[in-house]
Amino acid sequence: MVKVYYDADANLEFLKGKKIAVLGYGSQGHAQAQSLRDSGLDVVVGLRKDSARWSKAEADGLQVATVPDACAQAEVIQVLLPDEIQGRVYAEEIEPYLSEGKALMFSHGFNIHFGQIVPPKNVDVFLVAPKSPGHLVRRMYAEGKGVPGLVAVHQDYTGKAKDIALAYAKGIGCTKAGVFETSFREETETDLFGEQAVLCGGVSELIKAGFDTLVEAGYAPEMAYFECLHELKLIVDLIYEGGLSRMRYSVSNTAEYGDYMIGPRIVNEETREEMRQVLMEIQDGTFARNWMLENQVKSPQFNAVRKMEQEHPIEEVGARLREMMPWLKK
């Protein structure tokens with residue numbers, strides 16, 4: 001069984017008297033920094049001097065400094081920067097200030113697990129990862145609740161790494177819901193697999209394949225959009241609220257029968273074998289190497305595919321139909 005930690009297992013005293021640098025002020029950065037501050041902890045946000053978010057963080061009542069200045073001040077450094085720039089920023093702006101006994105932490109294990117960042121042996125290294133987007137982390141904290149999270153220790157120099165990590169998790173509200181103990185390897189590899197095979201890559205290709213199949217067969221693109229993309233939210237919401245069983249209970253018997261009989265023809269053994277291959281390429285570092293190499297040459301393949309995907313007919317049809325949906329945020 002996975003070990004789960006709650007409020008009673010965590011003590012904010014392990015962070016009292018320590019300065020916490022939160023590097024980045026995006027989705028997770030703003031939520032974590034504000035919640036830590038509201039938990040009575042000493043926080044500084046680290047940003048580029050020319051960052052558009054500098055004034056936003058100041059307006060939110062937070063101390064802001066450049067990344068090197070924030071790291072120089074802090075005993076705990078939380079790196080909430082995009083995966084592809086963390087290695088460079090670490091080498092240039094974090095490592096010079098990572099003195100003995102400090103703590104280096106992350107909310108995703110990519111750069112530690114794949115060796116893009118190799119911290120000195122005389123610091124703590126751990127991970128605290130809320131399992132929700134930043135706006136929900138912040139909202140739940142403000143309501144006196146929390147979202148589930150993960151905690152992992154990569155390096156325990158001081159003997160207090162897990163205590164500090166759990167204190168941080170408590171400071172952002174996660175221990176109210178429960179914090180699951182994991183490892184950098186498990187967090188990183190499962191996160192990447194979920195994104196690639198299911199949540200992003202898998203779902204995107206399934207939607208487009210369904211849309212294309214209907215349009216190629218002569219059906220109206222608008223009908224194809226409704227059936228293969230728009231209604232997905234209705235199904236996902238049911239799954240999110242109560243699992244696959246809730247969804248199957250809520251749909252018609254015809255839909256449920258089609259689920260059981262046809263689903264395995266779409267995701268068949270060939271698909272499952274390809275998923276196993278995708279996982280192997282994550283585990284052996286192939287994906288990480290490809291992504292790092294892509295960034296080193298300014299992402300030509302990434303940018304070309306991104307542009308091509310933006311020009312898929314489903315985007316034009318969807319833009320028109322969403323104009324007819326006043327409940328959607330523009």
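Placed from the backbone N, Cα and C atoms, the Cβ positions cover glycine too.
What Swiss-Prot records for His108 is active site. Here Swiss-Prot flags Tyr25, Gly26, Ser27, Gln28, Arg48, Ser51, Asp83, Glu84, Ile85, Gln86, Gly134 as NADP(+) binding site. The Mg(2+) 2 binding site annotation in Swiss-Prot covers Asp191, Glu227, Glu231. The annotation Mg(2+) 1 binding site is assigned in Swiss-Prot to Asp191, Glu195 on the grounds of sequence analysis. For Ser252, the entry in Swiss-Prot reads substrate binding site. Marked as domain 'KARI N-terminal Rossmann' by Swiss-Prot: 2-182. Taken from Swiss-Prot, the feature domain 'KARI C-terminal knotted' covers 183-328, and the record attributes it to sequence analysis.
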Per residue, counting other C-beta atoms within 10 angstroms of the C-beta, which of the recorded positions Arg48, His108 reaches the highest number?
His108
I'd like to know which of the binding-site residues Asp83, Glu195, Glu227, Glu231 has the most other Cβ atoms within 10 Å of its Cβ.
Asp83
Per DSSP, how many helix, strand and coil residues does the domain 'KARI C-terminal knotted' (183-328) have?
122 helix, 0 strand, 24 coil
Taking just the CA atoms, what is the gap between the residue listed as 'active site' and Glu227 (Mg(2+) 2 binding site) in Å?
35
Here are some binding-site residues: Ser27, Ser252. Which one has the most Cβ atoms within 10 Å of its Cβ?
Ser27
Compute all pairwise C-alpha distances among Tyr25, Gly26, Ser27, Gln28, Arg48, Ser51, Asp83, Glu84, Ile85, Gln86, Gly134, the residues listed as binding NADP(+), and give the largest one in whole angstrom.
21
For the domain 'KARI C-terminal knotted' (183-328), mean pLDDT (0 to 100):
98
Here the binding-site residues are Tyr25, Gly134, Asp191; which one has the lowest number of other Cβ atoms no more than 10 Å from its Cβ?
Asp191
Hey, how far is Glu231 (Mg(2+) 2 binding site) from Ser252 (substrate binding site), Cα to Cα, in Å?
14
Distance, the residue listed as 'substrate binding site' to Glu227 (Mg(2+) 2 binding site) (CA atoms, angstrom):
15
How many other Cβ atoms are found within 10 Å of the Cβ atom of Ile85 (NADP(+) binding site), counting all protein chains shown?
12
Can you check what DSSP calls Tyr25 (NADP(+) binding site), collapsed to helix, strand or coil?
coil
To the nearest Å, how far is the Cα of Glu195 (Mg(2+) 1 binding site) from the Cα of Tyr25 (NADP(+) binding site)?
23
Rounded to the nearest angstrom, how far is the Cα of Asp191 (Mg(2+) 2 binding site) from the Cα of Ile85 (NADP(+) binding site)?
19
